[in-house]
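Visitor: Got a structure here, written out as structure tokens. Questions coming.
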Amino acid sequence: MQKLIILLLVAAVLMSTQAVLQEKRPKEKIKFLSKRKTDAEKQQKRLCPDYTDPCSHAHECCSWNCYNGHCTG
């Protein structure tokens, strides 16, 4: 009888730990499956100024224009 009680307690502990681990998995999957920026996107973010930053040529503003010394959208 005592062995049966111990076996049931061990089974209950294992099931509860499995349930706790499964609760954490969806968050990890969401984080893993979320869109990550490519190296090119990270590089462009570093190279491209804000659209209000000063400039002297349009190529300094990436996809914006340089007008009156500032990047314009």
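Each Cβ is built from the backbone N, Cα and C atoms, and glycine gets one as well.
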Visitor: Of the listed cysteines Cys48, Cys55, which one does Swiss-Prot record as disulfide-linked to Cys66?
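Guide: Answer per the record: Cys55.
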Visitor: Should any of the recorded positions Cys61, Trp64, Cys66, Cys71 have a Cα within 10 Å of the Cα of Pro54 (4-hydroxyproline), which are they?
Guide: Cys61, Cys66, Cys71
